[in-house]
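One structure below.
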Amino acid sequence: MSVTSSVISLFLFLSLINNFSKCCIEAPYFGAPHLFQVTPPVDHAEGPTWDSRKDILYFVDIHAGDIYSLKFLTGELDSIHLNGEVTPVIPSKTDPEILIVGVDRNVVAVEWNGKSKFYRTKLLTTVSKQFPTSRFNDGKADKQGRLWFGTMGFEDSRGVTPNQGVLYKITRENLDDPEVMVAPVNISNGLTWNYANDKFYYIDTPTRKIVEYDYDDEKGAITNGRVVFDLALYDAIKGNPDGMTIDRDDNLWIALYGGWAVIKVDPRTGHLLQVVSIPAEAVTSVMWGGPNMDLLFVTTSRTSLSQEQRLRQPLAGSVFALAGLGTSGWQVFDADIVDKI
Ligand SMILES: *[C@@H]1O[C@H](CO)[C@@H](O)[C@H](O)[C@H]1NC(C)=O
């Protein structure tokens, strides 16, 4: 099935749900999630982010250095190529055509309309000069538009250079010397805030744990870190936690790298609520989007698969959308770090 036709079938499905929901106070919960492939495979899809101003899903192909924009309403997919490892990508508050992008250890503003091959860049800052082979990994903007971007040590087939990851908070004022929020870590990864914006959730992948902090939005401060979920307690669950988001009920959704699944976790009880299978073992990240914010976009990777595994997982590296999860999310925050470039 072509990408366009799978997007069309996704629309038919969604309009069906919307027609049902007109009759009721609450949209019915269909129980079984539906999975749609929304892009062809790339090497290592990561960092999905939804911009409801343009109905665009951005994501990156990290090692290829590519930024993609999926125009959700038409299924059109465009990309640009930067020099370096590219992640994350965060649209700007004042101008949706300025994307704030991690490129190796650099924070770069990229002016791109999401369509053409032309773009302009401006270097904003470089972090972790003491770890020259480290690079940015996951990141988001907070409600004030500050960047929370984390890094990880150099990775090859033997693993990741340990203790070289740092989670930074980057603001307009501290571009020359971004603030260290968590260090050292091994692989700085998924992060999100609860709806009340007084809790912050964070993943250092090899720990297999989710840590919750108290969050002060005015100061941009995190305190009292404590473990709220530990994958080691669930024998049947494989893989390590990677990207993460949160739903309108304040439950966490976590991509499992090496786990063939996305999981739903209640951070208040530490309970595993749901396991949703994905037809690729390396699930990298999750993000709510779509016109009703009720599709969970899921990125996957094939970069570390053998030839034989690639044959068995032909969809690995695709972006998927999960519909019918019975919940939805919020539009993520935009970066507020530059106005013009
Ligand atoms: C990073 O990984 C190394 C090797 O597994 C481990 O010894 C170290 O404690 C980890 N660092 C952190 C901050 O968890």
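Using N, Cα and C of the backbone, Cβ positions are placed for all residues, glycine too.
Residues or ranges marked as active site, proton donor/acceptor by TrEMBL: Asp242. All chains included, 27 other C-beta atoms sit within 10 angstroms of the C-beta of Asp242 (active site, proton donor/acceptor).
Taken residue by residue with DSSP, Asp242 (active site, proton donor/acceptor) is part of a strand. Under the heading divalent metal cation binding site, TrEMBL lists Glu46, Asn189, Asp242.
For the recorded site, Glu155 (substrate binding site), the DSSP three-state label reads strand. Same-chain residues at least 6 positions away in sequence with a Cβ under 8 Å from that of Glu155 (substrate binding site) are, in sequence order, Thr161. Annotation comment: TrEMBL describes Arg135, Asn137, Glu155 as substrate binding site.
Mean pLDDT of the predicted structure over the domain 'SMP-30/Gluconolactonase/LRE-like region' (45-301): 98. Taken from TrEMBL, the feature domain 'SMP-30/Gluconolactonase/LRE-like region' covers 45-301.
Annotation comment: TrEMBL describes 1-23 as signal peptide.
Residues Arg135, Asn137, Glu155 make up the record's substrate site, and a Cβ search at 8 Å around their centroid adds Ile62, Glu85, Thr87, Ser134, Phe136, Thr151, Met152, Gly153, Phe154, Val160, Ile187 from the same chain. Of all the recorded positions in the record (Glu46, Asn189, Asp242), the one with the smallest CA separation from Asn137 (substrate binding site) is Asn189. For the divalent metal cation site, the Cβ centre of Glu46, Asn189, Asp242 serves as reference, and the other residues of the chain with Cβ at most 8 Å from it are Gly47, Asn137, Asp138, Ile187, Gly190, Ile203, Thr205, Gly243, Ala255, Tyr257, Thr284, Ser285.
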